[in-house]
Amino acid sequence: MTHNLIRKLLIIGLCSLFSAAATAQTFIFTAIPDEDETKLVERFRGIADYLSEELDADVKYIPVKSYAAAVSAFRNNQVQLAWFGGLSGVQARSLVPGSQAIAQGTEDQAFYVYFIAHESTGLDRQDSLPEDVRGKTFTFGSKGSTSGRLIPEYHIRETFGEAPEDVFSRVGYSGNHTRTLRLVESGTYEVGAMNFAVWEKELENGNIDTDAVKVIWKTPGFPNYQWSIRGDVDENYGEGFTGRVREALLSLDDPELLESFPRSDFIPASNDDYEPIRKVAKEIGIID
Amino acid sequence: MAGFDLSGLTASFGGERVIGPLTLKVKEGDQVALVGKSGAGKSTLIRLIHQRVDGQSSLVPQELGLVNALPVFHNVFMGQLDKHATWYNTVTLVRPFKQDRKQVLELLDALRMSEKLWIPTASLSGGQRQRVAIARALYRNAPVLLADEPISALDGPMAHHVMQLLRDRFKTSVIALHDVEMAMKYCNRIVGIQNGQVALDEPTDQLAAADIMSLY
Amino acid sequence: MLSYPTVRTSLIFLAIALVGLLFADIAITANNPWRDLGNFFLGVLTPNFFSSEGLLTALLRTVAFAFVGVTVGGVCGFFLALVYRFLPVRVFCAFIRAIHELFWALIFLQFFGFHPLTGVLAIAIPYSGIFAKVYSEILEEADPEPGRLLPPGTGTIAAFLYTRIPDCWVQLRTYTAYRLECGLRSSAILGFVGLPTLGFYLETSFSQGMYSDAGAMLILFYVLIATIPLWVRPKLLPVYIVGAPFFLGDGLPIVWGNVERFFTEDIVPSPLRDGEGLAGLLPWLNELMIEQALPGIWNTVVLTQIALVATGILTLLAFPLISNHFGGPIRRTSGHIFLVIARSTPEYILAYILLQLWGPSMLPAVVALALHNGGIIGHLIGRQTNTIRLRSDAPKGFNRYSWELVPRIYRSFLAFLFYRWEIIMRETAILGILGIYTLGFYVDSAIQSIRFDQAMVLILITAMLNIGVDILGRYIRRKLALQTMPTC
């Protein structure tokens, strides 16, 4: 009797191990972890609820711990939709034939990076990257970030003609933009580069000690975040699904949800919009 | 095979010869006592014979060779592992069969320790452990008994009881003993070992204790 | 004193570490490290157990992954142990255990994604290698005599079951239970790369400065480990083993095409993939070696040597804390608590915490490695001193420490230290993921830029380095005739 039960349990256990969640056609999406996770989970659970309703389908958000994990999940078809940065989007779409960028925030057409500095450096805001940052300690955001890594590295190389490791006395990767802000604010690093939208939002919410940290340079604009979707979604979720997802995103007008990004609204995007990012990444050697 | 005829028995330890070359012929019905000073090579000789007869013997080595973590039953049962299929032995490890339990219990009864059947051998006294090794040899039931000081840890009456039992159960045997009186009482042939050679080999009834003492 | 080989060896390693310090990047870069540390301890003292809805689930998953991983690893390791005498098996086992759980997890994440199998295999594979080695050592020490006495014709399996297993049973059980504790630690840190265990939430709350939440998780983790003897009972084990697979969570479904792609495309060096052939391979390897592997190896070795000596020093300072030969019961109790916390906290978590508080450099890594490993060895040595009987007129205080105890435990102290040398190096490499420039940093960078071919070469190099140190450590232990029981 007991043996029978144990055997049954074992079989069920093994089956569930190998076929877990393969049942329902849940539409799953993820997002690059560019900010504090609590905020991301709150924001994207809202998006999941919104999409569920609009698409009349089961939509789920899963948080990941790294940019690469987001790209891999998209590539491996474990998520079908993702909120990528410029660079991660380019990487992901090059790995998944037929995938496309479908929507971006209005702000993402011309996105900016802020170079920020701790007050002890005595640096002030300038129109170009200050020469004085040489020899300071410096932190990027995540290794795979566009505004936390790619664009700042590009400008550092442009300005100094050297790799960041040779320009600064210490180079680190904080992990995300919120942490870059906190690390420079506390003086752990003297200089950092971060997403301007995160800075503005934190500033607005009164979360920045402006006596301790200030913006020293704003980069020229570049295309950034976008929603990317896999090419085989129509095949697996029904004809015209991609179009419906795009429509749903473009018609998102819940001010609270938009504010959480923060974006004023979403507009159509295409793969070609991100060609400049691809070129820069190739130039720096981040992609082959 | 009941008796054996072994020649050219030799053993060396650290480059030095401790036994032989010697020849030992044992006929069926010979109950041989190996006597001699400690260090004369009795244990080595027992071991050599065990190798030469290809394990076709019940062996009681001096160090007993018990699996301490197993109960008495299993240590005795190991004497007949070759008689059963692997599955049978494996099941026995977890839950012994009735007929085996009965047989082993009878043996232990004869050795006056039946109450210890399920006790791990690690928790037994020296004398009890020695009797478990003897029980295993009895259970093995080979045509020849090879025993190395099988009663060294037993008290007087028990020693006599065990020697009697061994004499009754094994028609042919080679037993190393340091107790000359025991040797004379329970064996029909005495082989004396001195410096790795046979120094004496006579039927018991033609010997007196004094003849043997010359070996010591 | 210098004529003692143990003393000479110690001094050589001390000298190497001191030279290493000249090259190492040791600094506290945070502006206010003590305030942050204070905030952290305040958080631990004011734990918030109700912060995250997922906390209990995470705890459950941590236990489930540990059980399934250790069980699978134990079974495979046992069978490998039976054929461990064959050289190819030994090499294979050395190789799979030279790669850290987190590296395995990072590899499986690329094709199994967030499926429970990723976490299970990440624990099971390196543990199989370790189990195989230790089990075979234990089995070899079984008394051979009963086996020789078996009647000829006894089946191999029956002989094994009757004469080997019972003799080793207690040791096998003790070691397996001990590994389960290690498995809980491994399982917890898998969360740092995204699996649904404790590390996932710990990382989240820590990086956001929510120290009370992080404190609660750490406390729960300590309680979980400290109460193992209470809830891991032989009778309950089958229940846990059968039940654990149900609590791994669903994760995301495996797409098998990804597995094939990973092995046939992703990890093929890019020059070969792009058809440049062998001519392109050499420059590719050359660049990888010079720009990533060599700096990574250098930093890994330097950090390992410093951490090894720091561990040794901390051990010698810490063992009196729990030794019966010093102090009263209050001191010993607090000493026990300190050592339990030090050794229960995975070095990865310790390093993560200290990095957050002190800023990036090798210092947090050294302190974390020394605390964790010193905690383990200090505990073992302290216990060992309790078996030493001192004469009743033995000296007291520091003289007792330096004349009576240290000389007696020094050899086993060195044995443990050299045994853990390879483990320290494995951890050092993995700490690179946190931003210290050891091999793990370059592996992580390669994965972050979706260059699995480079990542695999770097992981292979890391494994080779570990195997090399393992061989060297064993050589030194043999030369000095040091013996020890395995630790994890």
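Cβ coordinates come from backbone N, Cα and C, glycine included.
A Cβ distance under 8 Å defines the sequence-distant neighbours of the transmembrane segment (C:40-60), meaning residues of its chain 6+ beyond its ends; these are 191, 196-198, 200-201, 204-205, 210-221, 224, 247, 249, 353, 357. Residues or ranges marked as transmembrane segment in TrEMBL: C:40-60 (among others).
If you look up TrEMBL, you'll see C:67-87 (among others) marked as transmembrane segment. Sequence-distant contacts of the transmembrane segment (C:67-87) (same chain, six or more residues past either end, CB-CB distance under 8 Å): 93, 116, 119-133, 135-136, 139, 176, 179-180, 183, 186-187, 240-241, 244-245, 248.
Per TrEMBL, transmembrane segment is recorded for C:102-125 (among others).
Outside the transmembrane segment (C:182-202) by six or more residues, the chain places 52, 54-55, 57-59, 61-63, 65-67, 69-70, 73, 101-102, 105-106, 109, 114, 118-119, 122-123, 127, 213-214, 217-218, 220-221, 224-225, 228, 249, 251, 344, 346, 348-349, 352, 433, 488 with a CB less than 8 A from a CB of the stretch. Annotated transmembrane segment per TrEMBL: C:182-202 (among others), in sequence order.
Using a Cβ-Cβ cut-off under 8 Å and counting only residues 6 or more beyond its ends in the same chain, the transmembrane segment (C:214-232) has close neighbours at 40, 43-49, 51, 55, 58-59, 62-63, 177, 180-181, 184-185, 188, 198, 201-202, 205-206, 240, 340-341, 344-345, 349. TrEMBL lists C:214-232 (among others) with the feature transmembrane segment.
Summarising the annotation, TrEMBL assigns transmembrane segment to C:239-256 (among others).
Annotated transmembrane segment per TrEMBL: C:297-322 (among others), in sequence order.
Per TrEMBL, the feature transmembrane segment maps to C:334-355 (among others). Beyond the transmembrane segment (C:334-355), the same-chain residues lying 6 or more positions past its ends with a Cβ under 8 Å from any Cβ of the stretch are 40, 102, 185-186, 188-189, 192, 199, 202-203, 206, 218, 221-222, 225-226, 318, 320-322, 327, 363-365, 367-369, 371-376, 378-379, 382, 427, 430-431, 434-436.
According to TrEMBL, the feature transmembrane segment maps to C:361-381 (among others). Packing against the transmembrane segment (C:361-381) from elsewhere in the chain are residues 24-29, 299, 302-303, 306-307, 310-315, 317-319, 321-322, 338-343, 345-348, 350-351, 353-355, 409, 412-413, 416-417, 420, 423-424, 427-428, 431, 434, 436, 438, 487: each is 6 or more residues past its ends and has a CB under 8 Å from a CB in it.
The transmembrane segment annotation in TrEMBL covers C:423-443 (among others).
Feature annotation from TrEMBL assigns transmembrane segment to C:455-476 (among others).
Counting Cβ pairs under 8 Å that are 6 or more residues apart, the transmembrane segment (C:423-443) and the transmembrane segment (C:102-125) reach 3 or more and are in contact. Counting Cβ pairs under 8 Å to the transmembrane segment (C:239-256), the top-ranked stretch among C:102-125, C:297-322, C:455-476 is C:102-125. Sequence-distant neighbours of the transmembrane segment (C:297-322) (same chain, 6+ residues past either end, Cβ-Cβ under 8 Å): 10, 13-14, 16-17, 20-21, 23-24, 331-332, 334-336, 338-339, 342, 362, 365-367, 369-371, 373-375, 377-379, 381-383, 385, 401, 405-406, 409, 413, 416-417, 420-421, 424-425, 428-429, 431-432, 436-439, 461-462, 465, 469.
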